[in-house]
Amino acid sequence: MPVITLPDGSKREFSNPVTVLDVAADIGPGLAKAAVAGKVDGTLVDCSHVIDKDAELAIVTERDAEGVEVIRHSSAHLLAMAVQSIFPSAQVTIGPVIEDGFYYDFAFERPFTPDDLVKIEEKMQELSDADLPVTRSLMSRSEAVELFKKMGEEYKVEIIASIPTEENLSFYSQGDFIDLCRGPHVPSTGKIKAFKLTKVAGAYWRGDSNNAMLQRIYGTAWGNKKDLKAYLHRIEEAEKRDHRKIGKKLGLFHMQEEAPGMVFWHSDGWTLYQVIEQYMRKQLRKHDYKEIKTPQVVERTLWEKSGHWEKFRDDMFTTQSEDRDFAIKPMNCPCHVQVFNQGLRSYRDLPLRLAEFGSCHRNEASGALHGLMRVRGFTQDDAHIFCTEEQIQEEVGKFIDFLHEVYADFGFSEIIYKLSTRPEKRVGSDEIWDKSEKALADALDAKGLPWEELPGEGAFYGPKVEFSLKDCLGRLWQCGTVQVDFSMPGRLGAQYVSDEQVRKTPVMLHRAILGSFERFIGILIEHYEGAFPSWLAPTQVAILNITDKQADYCKKIGEILNDKGFRVRLDLRNEKINYKIREHTLNRVPFLAVVGDKEVETQCLAIRTRQGEDLGVMSISAFEELLQNEEAKRSRS
């Protein structure tokens, strides 16, 4: 007689074992109709899952995040079924859920075309309308291998053979389609109501370029048509804001095949980069960091001591000189420890905050590269705080304040906080993990910040907090992080003399706010669609003459504003003024100063914004004040 405890605390007693769907029906027919899965004692299960003992149960519907996840997983199976219905020779491989959607990889003799995607999506809709039951079954490994060999599914046979277990394997069927899967899945295909296939791309089997090239079909699925429509609108907006397109249009940067994953910064893009760097440098001084600079190429022995050679060797660019192995640094931390190690430190020196705009390189797979968002050469706003265990919470609290200030200045006010705690394999005692996790949690709580715990997601050497900012499209970008490290200082011999005159190893906090300059600039480009706030804009004001008679006055204004540190562009071309205004507006210049005879006579400027707002005629000093006010408020409204 299982007793089922529901999320509101109420209990329901049953005389026999029941399924999740039985319980939903007992609560009400509406809930039974809406159910896509269940959570039994915190574990996500099928609606057909049998409960034969006391348990806590939550019915999962399309309104729940877990419900949407199940719908997406089942959509991948629906996609595979549709493809094999139209193209029987296509072999299925894997079809996982990804952020906002799903994909499935197929082995097929030719690439799928856009017309193919239309047909496949129509078939998916047909199969959804058929409302086919989705059923779970178990097979032994040998039975499964035999079945999929008969079906000609070589990739599934390989997957099954690679599973290190003799236990029965679970399979899901709908109609005549069957797939190996842990589940859970929706109870019937009719639950998959809002989906869209988005694109097709090539993908190597198991991500290895030595293996066969497969066809990967991407799609998105949601709990209802309204959410799907909203998502497709966001995608359309994201495409309009693609930093690669805008970067090219505004002449900010380019990338080319001869230097994959490396950025060619153009004048305006480099100006933007420098504005950000100068801003961050000023903030570092304000928050008592010491800026350092360390070598880019370091001998293998240091990377072996730090552990990077063993764990990241394949991601490092290496070279040789005079029979010695060197690596271009993929990160800055081991070099920062070397700076700390110069001279014997005292507890009075702690906390010591060392910062670097560190140029790093990682040998990312070429298929993973994506504009500024995923590169091989990048600069981190990196810093490492050497402190005692007792100082962790205070230092993390100060860092959070620093991070909030920076994000607000760049126009980001919504931040998501996630605390990753100890994994199974780790270094350090439980006592120091307890202290460190509590210090991070207490630092977040002291600021009144909501945070989510990610159990087991910390690095082997310490827990961390990740900070993700939300952009204007509601997308999350994980940029900031603060990471406790118990391992590296000891591995590299970092020590300080305590107040008891005993040599101790400091704790090291890895921290970054922007993450990398390149990726952060990509985020800014998309967030602002290239229309940067005045303080960031490569050109803050364009001075436009109406005729040649005003050229000298325009040059004079340009000199005055340049001398005050503003970024000015003179446009003295013999073009119609409306043409100039349109061109600089399209180039997203925040302010346009139009100069005609009247402005020369009154020693003023006619100011308008890129939005077309006429700010009227103002003196040079009044315009300077306007620009200064824009600088002062930065991106804050």
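Using the three backbone atoms N, Cα and C, a Cβ is placed for every residue, glycine included.
Taken residue by residue with DSSP, HIS384 (Zn(2+) binding site) is part of a strand. Under the heading Zn(2+) binding site, Swiss-Prot lists CYS333, HIS384, HIS510, citing sequence analysis as support.
Summarising the annotation, Swiss-Prot assigns domain 'TGS' to 1-61 and lists sequence analysis as the type of evidence.
If you look up Swiss-Prot, you'll see 242-533 marked as region 'Catalytic'.
Look at the Cβ of each of the binding-site residues CYS333, HIS384 and count the other Cβ atoms within 10 Å; the largest number goes with HIS384. Residues near HIS510 (Zn(2+) binding site) in space but far in sequence (CB under 8 A, at least 6 apart, same chain), listed by position: CYS333, ASP382, HIS384, LYS464, THR481, VAL482, GLN483, ASP485. Same-chain neighbours of the Zn(2+) site beyond CYS333, HIS384, HIS510, judged by a C-beta within 8 angstroms of the site's C-beta center, are, in sequence order, MET331, ASN332, HIS336, VAL337, ASP382, ALA383, GLN483, ASP485, MET488, MET508, LEU509, ARG511.
Secondary structure at HIS510 (Zn(2+) binding site), taken from DSSP and collapsed to helix, strand or coil, is strand.
Annotation note: CYS333 (Zn(2+) binding site) sits in a helical segment as assigned by DSSP.
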